[in-house]
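K.L.:
Dumping what TrEMBL says about this protein:
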- 81-192: domain 'Amino acid transporter transmembrane' (DOMAIN)
- 260-522: domain 'Amino acid transporter transmembrane' (DOMAIN)
- 83-103: transmembrane segment (TRANSMEM)
- 109-129: transmembrane segment (TRANSMEM)
- 162-182: transmembrane segment (TRANSMEM)
- 253-269: transmembrane segment (TRANSMEM)
- 281-302: transmembrane segment (TRANSMEM)
- 322-344: transmembrane segment (TRANSMEM)
- 356-377: transmembrane segment (TRANSMEM)
- 402-422: transmembrane segment (TRANSMEM)
- 442-463: transmembrane segment (TRANSMEM)
- 469-492: transmembrane segment (TRANSMEM)
- 504-524: transmembrane segment (TRANSMEM)
Amino acid sequence: RPFHVEPTNIVSVNDDTQRVTDEASAMNKRIHYYSRLTSPADRALIAPDHVLPAPDEIYVYSPLGTAFKVDSCTDGYGKNSSIVTIFMIWNTMMGTSILSIPWGIKQAGFTSGIILILLMGILTLYCCYRVVKSRKMIPLVDTSNWEFPDVCKYYFGSFGQWSSLLFSMVSLVGAMVVYWVLMSNFLFNTGKFIYNFVHDINVTDIVPGTNGSNKVICPSAASGHPPQNKSVMFSSGNSTGFELFEEWWDKSQTVPFYLIAVLLPLLNLKSPSFFAKFNVLGTVSVVYLVFLVTVKAARLGIHLEYDWFTENDFFVPELRILFPQLTGVLTLAFFIHNCVITLLQNNRNQENNVRDLSIAYLLVGLTYLYVGVVIFASFPSPPLSKECIEQNFLDNFPSDDIMSFVARIFLLFQMITVYPLLGYLARVQLLRQFFGNPYPSIFHVLILNVAIVGAGVAMARFYPNIGGIIRYSGATCGLAFVFVYPSLIYLISLHRAGQLTWPALIIHIFIILLGVANLIAQFLL
């Protein structure tokens with residue numbers, strides 16, 4: 001819809017008329033794109049008056065509608081410097097997948113895990129580059145405000161429109177399910193820590209673990225199932241009260257349902273823009289996780305043994321047949337393809353887009369490598385087996401571990417603030433497509449939110465395996481947005497231009513087949 005603001009109200013007028021025009025155009029493009037995500041009555045993703053840039057204030061809008069104030073990294077033209085662009089891409093990609101990377105390396109084997117992270121980073125970067133170029137290969141059409149789903153619609157018609165919606169919903173709902181499982185986990189461990197501290201109760205989990213102050217546990221060693229909350233009290237206290245607490249504070253039986261009282265009302269809000277202000281907690285959480293991993297590794301030391309094919313009681317082979325489980329996780333870990341055009345279109349120097357995107361991917365890959373390799377290498381084997389590394393590596397630290405407690409608090413609060421935003425985006429994409437309005441009525445919104453919350457509760461109750469959920473959803477949405485659509489669009493554009501060659505055709509068909517094999521393998525292993 002039109003935005004009734006004159007260019008002189010958006011930027012300062014100076015002697016350089018062209019500068020005013022360019023800056024106003026850049027800001028109007030950002031405003032126009034986010035206006036398309038909402039109905040006229042909903043201003044959740046609309047830039048409010050108080051964040052319109054003053055002469056010395058530039059705001060960068062992330063895909064979730066967050067405004068980041070940049071004072072020194074812009075050139076005054078409403079464009080972002082390369083460092084801001086790189087940070088935005090890194091911050092957008094870093095997510096819950098980082099918690100499962102050590103587990104993925106364990107499933108693939110240490111050496112093959114490192115190689116796969118590097119190869120998947122390169123492959124997804126190339127496909128991301130194809131996404132960025134796809135819009136520019138459309139002739140005689142104004143694509144300045146298009147995102148990749150718009151490109152899919154142009155090339156594949158209604159099938160591209162609806163299939164991109166489907167795969168986008170898979171990524172959003174998959175993320176929300178993972179969030180619910182993790183929030184249940186973090187809330188359970190946080191509540192357990194607080195209860196034991198307040199009542200001066202010392203307990204130990206009935207699971208194998210190391211001794212000493214830097215304790216590491218193996219929750220799934222006994223049963224092969226995700227960790228539960230069984231424990232034994234060692235010091236004085238009200239044993240009846242403790243048993244009652246354990247009965248009503250269960251990780252899978254009760255805690256997932258307690259979250260409904262907090263999060264379901266928040267999902268039904270028309271505008272969740274208030275929660276967007278807390279997105280910076282995502283960066284803080286990642287930085288703290290890197291710090292936690294470094295400290296834990298320094299205290300535990302390195303425990304590695306190299307054997308390519310033989311598995312023993314404490315170590316895993318360097319190459320395992322379960323390696324597709326890591327590629328499924330990495331597909332989502334490196335996934336940014338459905339919003340990368342928006343993140344790059346405001347880069348000050350468009351000729352640096354490939355370089356800046358490559359640097360961002362390098363930083364993301366190095367972050368994943370550092371956390372995954374350090375946790376795997378420092379995991380104390382012996383006495384514990386590397387097979388004990390959990391799908392959420394924080395589960396390998398007991399609930400009374402102070403550093404892990406702080407990490408869970410950070411992540412819990414961050415996820416509670418991000419969850420309504422993800423629900424809002426799912427609502428906008430789905431209900432607007434069917435009803436032309438992202439909030440047709442409280443009845444429609446409530447049904448959608450109950451279904452999404454129900455999926456999260458069911459998974460937290462019966463399948464609380466975040467590694468499994470991430471790899472399934474990652475391989476599914478990645479099949480379309482990472483492997484198939486970018487390759488097909490590139491081949492079609494080359495064919496129409498009369499520039500299609502056999503090497504290009506073979507390479508991109510191979511990429512498509514890799515995506516198909518990646519998805520199929522998730523259900524076979």
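In case you wondered, yes, glycine gets a Cβ from its N, Cα and C as well.
Whatever TrEMBL says is automated annotation, not expert-curated.
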K.L.:
When DSSP states are grouped into helix, strand and coil, how many residues of the domain 'Amino acid transporter transmembrane' (81-192) land in each?
P.N.:
97 helix, 0 strand, 15 coil
K.L.:
Would you say the transmembrane segment (356-377) and the transmembrane segment (442-463) are in contact under the rule of three or more C-beta pairs closer than 8 Å, pairs 6 or more apart in sequence?
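P.N.:
Contact criterion not met.
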K.L.:
Would you mind listing the long-range same-chain contacts of the transmembrane segment (109-129), meaning Cβ under 8 Å and 6+ residues beyond its ends?
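P.N.:
Distant Cβ neighbours of the transmembrane segment (109-129) are 101, 304, 306, 308, 316-320, 323, 326-327, 330-331, 334-337, 340, 354, 357-358, 361-362, 364-365, 368-369, 372-373, 376-377, 478, 482-483, 486-487, 511, 514.
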K.L.:
Could you name the stretch, out of 162-182, 322-344, 402-422, with the greatest number of CB pairs under 8 A to the transmembrane segment (253-269)?
P.N.:
402-422
K.L.:
Cβ pairs under 8 Å with the transmembrane segment (162-182): which stretch of 281-302, 322-344, 469-492, 504-524 has the most?
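P.N.:
Highest pair count goes to 469-492.
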K.L.:
What same-chain residues lie close to the transmembrane segment (322-344): Cβ under 8 Å, and 6 or more beyond its ends?
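P.N.:
Tertiary neighbours of the transmembrane segment (322-344) are 33, 62-63, 85, 88-89, 92-93, 95, 97-98, 100-101, 104-105, 107-109, 112-113, 116-117, 120-121, 124-125, 127-128, 131-132, 135, 146-149, 164, 168, 171, 174, 350, 353, 356-357, 361, 364-365, 368, 467, 470-475, 477-478, 481-482, 486, 517-518, 521-522, 525.
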K.L.:
Would you confirm whether the transmembrane segment (281-302) and the transmembrane segment (469-492) meet the contact rule of 3 or more C-beta pairs below 8 angstroms, pairs 6 or more apart in sequence?
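P.N.:
The transmembrane segment (469-492) and the transmembrane segment (281-302): touching, no.
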K.L.:
Which bits of the chain, at least 6 residues beyond where the transmembrane segment (504-524) starts or stops, bring a Cβ under 8 A of a Cβ in it?
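P.N.:
Same-chain contacts beyond the ends: 123, 127, 324-325, 327-328, 331, 471-472, 475-476, 478-479, 482-484, 487-488, 490-491, 494.
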